[in-house]
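The ATP binding site annotation in Swiss-Prot covers Gln29, Ile47, Pro48, Thr49, Ala50, Ser51, Gly52, Lys53, Thr54 and rests on sequence analysis. Sequence annotations record features per position, and here Swiss-Prot assigns domain 'Helicase ATP-binding' to 34-200. Per Swiss-Prot, the feature motif 'DEAH box' maps to 145-148. Summarising the annotation, Swiss-Prot assigns domain 'Helicase C-terminal' to 234-435 and lists sequence analysis as the type of evidence. Positions annotated as region 'Disordered' by Swiss-Prot: 522-566, 750-799. As annotated by Swiss-Prot, compositional bias 'Acidic residues' applies to 553-566.
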Amino acid sequence: MDVADLPGVPEWLPDHLRDDGIEELYPPQAEAVEAGVTEGENLVASIPTASGKTLIAELAMLSSVARGGKALYIVPLRALASEKQADFEEFEQYGLDIGVSTGNYESEGGWLADKDIVVATSEKVDSLVRNDAPWIEDLTCVVTDEVHLVDDGERGPTLEVTLAKLRRLNPDLQTVALSATIGNAEALATWLDAGLVDSDWRPIDLQKGVHYGQALHLEDGSQQRLSVQNNEKQTAAIVRDTLEDDGSTLVFVNSRRNAEAAAGRLANTVRPHLSTEERDQLADIAEEIRDVSDTETSDDLADAVADGAAFHHAGLSRGHRELVEDAFRDRLVKVVCATPTLAAGVNTPSRRVVVRDWRRYDGSAGGMAPLSVLEVHQMMGRAGRPGLDPYGEAVLIASSHDEVDELFERYVWADPEPVRSKLAAEPALRTHILATVASGFARSRKGLLEFLEQTLYASQTDDSGQLERVVDDVLTYLQRNDFLEIEAGELDATSLGHTVSRLYLDPMSAAEIVDGLRDWERGASDSTSASGSPADAQAEPPANSGFTTASELAEDADESDADRDPDDISALGLYHLVSRTPDMYQLYLRSGDREEYEMELFEREEELLGPTPSEFEEGRFEDWLSALKTARLLEDWATEVDEATITDRYGVGPGDIRGKVETAQWLLGAAESLASEVDLDAARAISEARIRVEHGVREELVDLAGVRGVGRKRARRLFQAGITDRAQLRDADKAVVLAALRGRRKTAENVLENAGHRDPSMEGVEPAPDVSVDLNDGADGDASAESTANDDQASLGDF
């Protein structure tokens, strides 16, 4: 189909597409147009990577906006939101306004009301619906990317419920769902009342195969000689062979440690193939990487990149990941060793893809388990860059003849698995049932079940009784913890329930926080956790359990004569409290950690909020220690321990630190609101702990670190130079500020301007010679420097 023949699109679009080199649509795109995607029809497009899904989305959204509507593009990851924002901003030259929102789950996003196209994560859209964002009802088109992720146990239920709510709010809403090739695309189309484009067409050929011995065995039965030289690993041989043909390679491995180790080894393979110009450019990129953060991870990445290799995983900071992705797309970095996060939609294709590890550790299986066909096919789909490569090759690694046959049967010739809803799990339903009632989507048990009948889960199961049983268990839990009132089948969210829904908390997290704060304030030694499972909540609590609902607590708060001073709550106690909630991904206990944190617990147990589980409660006690380890990381961050020490001490990457800090910041903010809701006097202590962990500083630096552009390291330098708060910075001697900031004029000007200095210009100013600061970290890689206006809250699960 010629772009001139597109129906229903803005008149400027055909010329715009031609300017981008697009004269005719790909076959799947033409099928989508024939199915009515530019005329408001619902559509599911299940097609391979790089087959034109983004243009299908753009056709749907732009035609909807041309009819006077408003479009929403839902992405699974924050990184994808930034990428799509950059893509769609091309349309601003034609008068369209693009907005992106991925954080601040308490906001209704009023500023998005005037945007023509909004890009957001599914969690953000869910929170907008909960907070009654009025512009949601103005939507005429919603596109959801990677819709096959409804199969994901953690994020899938949110996407599923959010789509169901949007379709109920806007009965005429056009829904376009983009998916990888899956085994049951027709089931998604049926659920969404949509037409279906189900195609395996690709713009360039993809050859799949298995490497073993001295040959690459391809799916058509042919063999290609690919020799392994003396002492050379198979992966290195494949990378070398690709380099000799001027190609790039993506290597997928099963852990962060393996990604880093493989990149270090493959750098030796790449180095001899680099030109002098490439070496110089890579050296500059390596220095940029070192500037992002002063950590061992940053140094290891910079060393690899200098030699044309890189690793990529969720433990890297956003700055690291963007530098790696850009260098790979620019063909400077020749090989990237990645965990499967890179296969989740970020646009980084390569000539060859090597799936080195097809098993990974699975705690539920008690050991190593094979990857799904869908995951492996997603990785393989990254092979081949349209317009750059004549073909793409995807290679699995076999260690024996038998394994060659197994890999062909398991992955090369196999069809992807069907996607299945994960909504019926109790943790997912806890959150979404409360939100559904609090936002008015259901006001009775019957209405709740009717709403859930609109989900994918309901369309995939014949056992409605199972859903009813789980729903009733969850309703009992929510009632027992004072989140819902239930009378004669009618459901009403309590004030606390509304607050929890607005804060985007798992109700179990809220129960844990309220109970922990209550335990501290009342000084009770016999209280029990309010975070038992819904099944446990069916039984009446024992008479001596100390269980008190939040409403009862509010009535009793003034009557207790055994209260502790709420200002005595330690930061560690609060960090531990939020670290043991379901909304925080705890650090694992490594070998040898248990003894260390048992000793830590013995020494600091009095600071913790709530009763410590018995050592005989193996699972709960282990979780308690894991939460303590996580809390200690947060405490280190808030007491200005440098990032390099934290990454080494806890075995994490810079991105992990940022993730834990942002999640703790959000949960502590929620704890402040909960404390006020149930009349607990801990808000001031919680606020201080939140601000300190937000900026990563001790108490005396809180005011300084709050100045935009300062951050933890610069705040300490300014403090040591005698500038102790924002007011002093506003009136400070510019020479002293310049010296404290190590002569960086632009940085000093920005800091002074943000502090409100009457004349922030550094023209003609020299650093004061008598100012010295006792910091030898060598980098200004404050975590805060990585944030932008759009990064006010981390999207949970991205880390």
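Placed from the backbone N, Cα and C atoms, the Cβ positions cover glycine too.
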Response to the item:
CB contacts under 8 angstroms to Thr54 (ATP binding site), restricted to the same chain and 6+ apart in sequence, sorted by sequence, are Lys84, Asp87
Practice prompt. Counting Cβ neighbours within 10 Å across all chains shown, tell me which of the binding-site residues Pro48, Gly52 comes out on top.
Written response: Gly52
Worksheet item: So what's near the motif 'DEAH box' (145-148) in sequence-distant terms, Cβ-Cβ under 8 Å and 6+ beyond its ends?
Response: 44, 53, 57, 73-76, 80, 84, 159, 177-180, 182, 188, 344-345, 374, 419
Worksheet item: So how many of the residues in the motif 'DEAH box' (145-148) end up helix, strand or coil by DSSP?
Response: 2 helix, 0 strand, 2 coil
Worksheet item: Could you give the maximum C-alpha to C-alpha distance in Å for the residues Gln29, Ile47, Pro48, Thr49, Ala50, Ser51, Gly52, Lys53, Thr54 that bind ATP per the record?
Response: 13
Item to complete: Please name the residue among the binding-site residues Gln29, Ala50 whose C-beta has the most neighbouring C-beta atoms within 10 angstroms.
Response: Gln29
Item to complete: Give me the mean pLDDT over the motif 'DEAH box' (145-148), rounded to a whole number.
Response: 91
Discussion item. Give me the sequence-ordered set of same-chain residues, not including Gln29, Ile47, Pro48, Thr49, Ala50, Ser51, Gly52, Lys53, Thr54, with a C-beta within 8 angstroms of the centroid of the ATP site's C-beta atoms.
Written reply: Tyr26, Pro28, Ala45, Ile56, Arg202, Pro203
Worksheet entry | Helix, strand or coil at Gly52 (ATP binding site) [DSSP, three-state] | coil
